[in-house]
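Peer 1: From TrEMBL, here are the annotated features:
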TRANSMEM  6-25  transmembrane segment
TRANSMEM  87-107  transmembrane segment
TRANSMEM  123-147  transmembrane segment
TRANSMEM  167-185  transmembrane segment
TRANSMEM  192-208  transmembrane segment
TRANSMEM  214-229  transmembrane segment
TRANSMEM  236-256  transmembrane segment
TRANSMEM  371-391  transmembrane segment
TRANSMEM  403-419  transmembrane segment
């Protein structure tokens with residue numbers, strides 16, 4: 001069993017290294033903007049930022065005994081049963097990777113259509129939209145009764161906050177991505193202090209709005225990928241410094257969130273300012289360990305279908321129909337994280353009326369919970385087709401900033417086909433379309449029939 005687990009882990013590593021070993025895959029040249037390469041690079045960076053220990057783990061893994069899986073639901077499980085469960089989880093991951101790459105490889109259709117492109121845009125457009133989104137934050141805090149009260153509400157669960165102010169939260173979350181669009185259309189703004197002041201301000205408001213550290217990390221990754229696309233090179237030194245700063249930032253933001261949960265009244269930040277780096281990183285590792293203790297993916301693999309039945313698409317329906325208010329559809333399914341908490345951990349018979357916490361669920365285990373092993377194959381094959389389709393648009397029209405931003409969002413913000421990533425992506429997609437609809441009204445250039453503009457991802461990235 002351990003040998004098979006090792007095989008699946010090596011298979012996953014092989015797929016992660018594939019973009020760096022071949023020149024093309026599925027008829028698409030390999031390069032940093034190819035979703036396969038971009039996803040692998042981003043996954044590595046995000047993993048290092050979230051858990052720096054991963055840098056040295058490959059060097060010490062052969063020098064220590066395997067660490068058994070520790071989970072709340074596995075307390076009384078035998079070692080053999082836990083190893084079988086680990087094998088099942090590893091098999092899910094391996095099958096999802098195979099299906100994703102198969103879908104990516106087989107999809108070859110290219111869509112040729114006339115499009116209106118936005119080549120430049122007035123600075124005033126972005127300033128006005130940014131101001132409106134800032135106003136949305138002011139309204140959000142006013143409705144919550146103040147910043148400290150808002151943080152306390154988030155600590156009790158994001159579901160209630162999102163139910164009442166979901167539109168405002170989504171609008172605020174678009175602020176950093178609006179600046180990414182601004183930069184890609186008007187690169188000269190990148191060197192101005194006003195751009196960086198607005199970016200820091202936007203990230204601060206976004207964290208204050210939803211309390212999620214990934215809401216700070218993901219926009220920065222998208223901006224970095226956009227910078228690489230625009231400048232056709234990778235900032236090695238700046239990237240290393242950025243990773244180090246991101247590690248500290250995530251740890252500090254986590255401590256701020258912890259303080260908000262533990263106190264009433266005004267938010268106390270002196271504990272953050274007085275901590276040393278070692279303590280900050282230690283607290284970050286402790287939070288990761290606490291999350292691992294209640295991994296919803298492990299619970300799904302352990303209990304489905306032995307104790308809990310398959311969902312047959314319920315979580316995906318909830319994701320696609322995110323825009324339908326619960327006041328209109330009272331029986332609208334909850335997200336997969338909340339469903340896992342209610343049914344698997346709390347042993348409830350139904351999720352209806354449940355407003356508790358939601359635990360993150362990985363894409364392979366969610367697909368398995370919905371449709372079994374076949375669901376993993378089908379959903380991840382479609383996921384590979386989707387990434388290939390988005391990448392082909394950039395290949396054919398590299399000057400189309402809308403297509404470039406869509407590619408970055410589809411790979412960075414939806415790196416997995418889990419519904420807790422699908423919903424934020426769909427929300428950003430709607431706002432992206434609205435932003436470019438306004439831009440096309442004032443700063444569009446039609447693409448002529450004879451204007452091919454076909455290039456390759458490798459050609460674009462080879463000059464980076």
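Cβ coordinates are placed from backbone N, Cα and C, and glycine is handled just like the others.
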Peer 1: Give the nonlocal contacts of the transmembrane segment (371-391) in its own chain as ranges (CB under 8 Å, at least six residues past its ends).
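Peer 2: Distal contacts: 26, 28, 33-35, 39, 92, 95-97, 99-107, 109, 111, 305, 310, 312-313, 363-364, 403, 406-407, 410-411, 417, 457.
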Peer 1: What residues elsewhere in the chain lie close to the transmembrane segment (87-107), defined as a C-beta under 8 angstroms and at least 6 residues from its ends?
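Peer 2: Beyond its ends, the transmembrane segment (87-107) has Cβ neighbours at 1, 4-5, 8-9, 11-12, 15, 18, 25-26, 35-36, 297-298, 301, 363-365, 367-368, 373, 376-385, 387-389.
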Peer 1: By a Cβ-Cβ criterion of under 8 Å, what residues six or more beyond either terminus of the transmembrane segment (123-147) are in contact with it?
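Peer 2: Distant Cβ neighbours of the transmembrane segment (123-147) are 153, 161, 164-165, 168-169, 171-172, 174-175, 178-179, 181-182, 186, 189, 198, 201-202, 205, 208-209, 267, 435, 438-439, 442-443.
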Peer 1: Under 8 angstroms, Cβ to Cβ: which one of 167-185, 192-208, 214-229 has the largest number of such pairs with the transmembrane segment (403-419)?
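Peer 2: Against the transmembrane segment (403-419), the leading stretch is 214-229.
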Peer 1: With Cβ-Cβ distances below 8 Å as the criterion, list the same-chain residues six or more beyond the ends of the transmembrane segment (167-185) that contact it, or say none.
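Peer 2: For the transmembrane segment (167-185), the nonlocal Cβ contacts are 118-121, 123, 126, 129-130, 133-134, 136-137, 139-140, 143, 161, 195, 198-199, 202-203, 205-206, 209-210, 215, 219-220, 222-223, 226-227, 229-230, 401, 404-405, 408-409, 424, 427-428, 431-432, 435-436, 439.
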